[in-house]
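Features of the protein shown, as given by TrEMBL:
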type	residues	note
DOMAIN	B:8-125	domain 'Aspartate/homoserine dehydrogenase NAD-binding'
BINDING	B:101	NADPH binding site
DOMAIN	B:133-311	domain 'Homoserine dehydrogenase catalytic'
BINDING	B:186	L-homoserine binding site
ACT_SITE	B:201	active site, proton donor
C-alpha cells in the first residue's frame, strides 16, 4: 500500500480522489500496490470524505511527520502557503504533485532544485491545460527536439466568453454575467480575462521548452476585457475569430513571450478550439508542429491529470527538467495589429486598411512594434489584437 | 554504451539514425549511457552510413547472436519477414521498436505475448500517426480511463489528395498523378487511398483503447478512389469537407469499427487537419475528448517517434498492453449518408434531400445501415460518405 496526502479538498481534489478510488485495481496492476489517500489537509476538519473516511487534518505537521506518506498532492490556492507546503514536503523527502500554476511558475527553479536535492520528483500536469497531457509530453519532446516556439489557448474562461460572444452575438459584459451565474467565471474574473492565468501557464511551458527560466514578469500581457461586440461582429463577417493566445519564441538565446488577443483565420489549427477547451501547439526540430487539445478545466478532467502524475511518479518514470540554458528576455514583438479606436481618434502610423463603423474606427496596421502601438493609443476606449494570419 | 540494431535503412531509418547521432549527449543525459547503432540489416551491404561507418550486414543472425545488442528497430516492409525478425528478436531477449503497422496490427497478441514471455518491451509509436505521440499516451490514458471511442485521420497521402482537390479544384486522378510525381503518393496507391493503411492503424489504436483485440478483418473499409470533383465542389459550397476517417466505438463489449469517407462541418475539431497531417481524437471516461495532431509521415517526424520509443524502452518506462477484455465485433453502422449516383439511378430509400447536378444525382439519406446502402448501390459509378455532423 502506498500512502499519499492531499492538501486542499476542492473541485479538483474531489475529481482526483474519485478517480483513485474508482481505478484502484487498474492502478494496483501498474504499481503492484494500492494507492490510498491517508490524510487530507483542510482548514475545516468537520465531516468525512464522500466514502465516509475521517481523514481530515488541519495540521500539516501530521502529514510531514508521517513516514508512511511518500507523496503530497498540493491543490490549494494561496501562493505563499503553497510554496511553504511544497518546500517542506521536499525537505521531508516526499514527492509532490501540484495543480497550482501560480506557485510552479513563480518558484520554478527553487522548487525543482529542492526536489532534486532531496531525491524526489515534482510534477504538475494539472497546472497547465486541464485534461490535456502536455507538461510531461513536452518534457519528453525536448529530449530529442529543440522546441523554439509554443503557442496556445490556455484559459477556458476567456475562451468560453469569446466563443459565446462569437456564437450568440451578445456583449462582453452580458456574457460575463451569464458565465458568472453558471459558475464558469469567478466573481472576480481578473486573472482569467486579463491573461494572468494564461501567462503563468505560458511561463511553465516556455521554461520546460527552452530549458531556461522564463519568469512571469518576463511575459507581456494584454487581456480581453476591452473587447466589444463591434469587434467580434467586424471579424466574424470576415470569417475570423479572436482568441486569447499565449505565445513564446526563442531565437539565438533571446526569447519573446506574450499573452494577448490574437486573430485567427479559419485555416488555423486552433481556430476550432472553442468554449472552455484549451490547446497547445509546440514547434519542434524534427517536425513542424504537434497540437494537443482538450478540456481546460473541471473536476474529473483535471483530476485525471493529477492521478496521471501520481502514477508516473510512483512508477519512477518522472523526468527531470533542465534549466541550464542561458536565455534572456527580449520581448520585441512586431506584427500587424487590429486596432479599434473612437472614430475621431488620430492614428498617425501606417495602416493597410481603415473603416468607420458607427462610433468607431477600425484599422489594420502595417508591421509595428507592440510597445510603440501602446504608446500611441492615448485614448481609453480602444481594443487591439494581433493578426496571426 | 548501449548497442542497438536497425532492420532496414530507408527514409524513416535515416531519420532515426540522424536523430540518434545529433542528440547523442541529450540521450546520454537521460540514460546515463550513449546509444549506438552497431549494425544495420540491409540486403545490399555495399557502402557505409552517411557518417562513414561500415556496419551493414545481410545476415540477421549476426544481430541476433550479438549479445551486446539489446534492442532491435524493425523498419522493413515485408509482413512475413518482419514477423520472423521481431519474433526472433524477442526469443533472443532483445527489445523491439517497430514502425511497421502491418505486422503490429496483424500479429498484435502473438507479438505482445512473446515480448512479455521473454521479459522484453515492444513499442511502435511510429506505426501510427508519424510524429504524433499517440500510441504511448493512449497506453497511459487507458490506465485511468475507459476509452470507448476513437476517431482519426490516419493517412497522410489520402488527406493530402482530398485537401488538394478541395483547395485547387482539380480532379482526383490529376491530383494523384501530381502527388506521385512529387513522391507524396506511391506508384501503387491502393493501400493509402483504399483505407488499408488507415485500417491497420485503427486496429492498433482500438486494441489498446478497448483492451481487447480488434483484428484487421473486423474493420469495415471504404476508400476515396471513387471521389470526383463534383463531390468536393458540392460539399465545399456548403462549407463542408471530406476526410478519410477511421472510427471505432465500443458499447457493452461490442465494437464497431470503420474506415470510410466522412463529411465534417467547419466546427469539427478535425476539420482543419489538412494536407499530409494526421490527427487522433480519443473519448475518455474522465474528459470529453483529447485531440492529438501533427505530421503523419516523413523521415525526421517518424524518426522522432522511433527514437522516443528507444529512449522509453531503455529508460525502462514502456507500459504493457492489456488485451484481457472479451469484446466482439458487431459492425452495425447506421448513419445519414451522402450518396452520388448517375442521375437516372433509382434510389428507393428515404432521403432528406436530393439534387440533380449535371450527369449526377446527389442525395442525403435518412438514417440507414451501411451494409444495406451498399447492397442498394448496384451502379458502378457512385460515391458515398458518412455525414458526421
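Cβ coordinates are placed from backbone N, Cα and C, and glycine is handled just like the others.
Cα to Cα, residue B:201 (active site, proton donor) and the residue listed as 'L-homoserine binding site' are separated by 18 Å.
For the domain 'Aspartate/homoserine dehydrogenase NAD-binding' (B:8-125), the DSSP-based tally of helix, strand and coil residues reads 55 helix, 21 strand, 42 coil. Summarising model confidence by region, the domain 'Homoserine dehydrogenase catalytic' (B:133-311) averages a pLDDT of 96. Between the CA atoms of residue B:186 (L-homoserine binding site) and the residue listed as 'NADPH binding site' there is a gap of 17 Å. Under 8 Å, Cβ to Cβ, and six or more positions away along its own chain, the residue listed as 'NADPH binding site' finds B:124, B:127, B:128, B:197, B:200, B:201, B:204.
Reduced to three states, the DSSP call for residue B:186 (L-homoserine binding site) is coil.
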